[in-house]
Amino acid sequence: MVTLPTMWLGGASLAWEVLAAFWRWTQVRGWLRKLYTAVQLSVFGTATVAMFLVSLVPYSYMEPSTHGRLWTGAHHLFGAVEHLHLANSYGLFRRMTGLGGRPEVVLEGSYDGHHWTEIEFMYKPGNVSRPPPLVAPHQPRLDWQMWFAALGPHTHSPWFTSLVLCLLQGKEPVIRLIQNDVARYPFHKQPPTYVRAQRYKYWFSQPGEQGQWWRRQWVEEFFPPVSLGDPVLDRLLKQFDLQNKSPPRARSSSNTLTQALHWLREQLSPLEAPTLLWGLILAVGAIRVMQSLLGPRPSRSYSPPREEKHKPALKKDPGAAADQAAPAPNNCNSGSQTPRRKK
């Protein structure tokens, strides 16, 4: 509904700028300066209008009916300069997913293959009664990749097979990507025997639904139930070249810095990533505030007023001049007076 009106709004804004530039050109004085300004206006105006027309084509990709009604001249111009990559599709996700329901993959584990327990992630939607957490400025990579995996079959995301294998093996570093607190992981005591994945569509709940943040609907099975040694799992591992991988070389822990970092990581591991990042940001901000409050303030140096270069001449008092000309009386010879010369 808004794609086409925004195009007209952009065209009107551009036309206003062109007319304003033309009006400024009419106010220029001097024929040489006016000729230079006219050439400048023609070059930049033509380039701006052409760029605007070119950008309309990828901008209209998000709405097919508007894209089909676009002026054919804009399509031809875009096709002529497409190899130059002057304009690209608008936005990172110009076609936003989730309008018909947000697709999500839910992992499940079981010991007997009949009773399944959902594996809850820290950030992505799963439990319908849990509110969406505030994660900024943290970027949960695994939760983000799980959403991308839900947009297609699991074969488009080979890493998902490796994730299932690590959960069957009970690898703690991978489990901490799902739940930072290992005690919240439902299979922290013993790895699950079977793992599978289901695809759901999630919607936000209606205002009247108490105690629920999400509504979801089962769509299909995303990943079949597998166990260690399962032919299906072995085939997928072989297909994606994930089998018989040599373990990473163990790093030496004799270094003091390595031991210190390892100890620091163990101490901070119980904290969730958003809490840790906000704690660091607030700590740095508090330190800066304390430095500005308690730090030495710059002293204002006193600068004496500049002496006047030209002092006004002192007016001579005739009486004072006469007193200065007269010699001081001689105390030794008070009776004699020095005769004055007559001019």
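Cβ from N, Cα, C; glycine included.
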Given 6-23, 132-149, which one carries TrEMBL's transmembrane segment label?
6-23
Provide the three-state DSSP residue tally for the domain 'Lipase maturation factor 1/2 C-terminal' (86-224): helix first, then strand, then coil.
34 helix, 33 strand, 72 coil
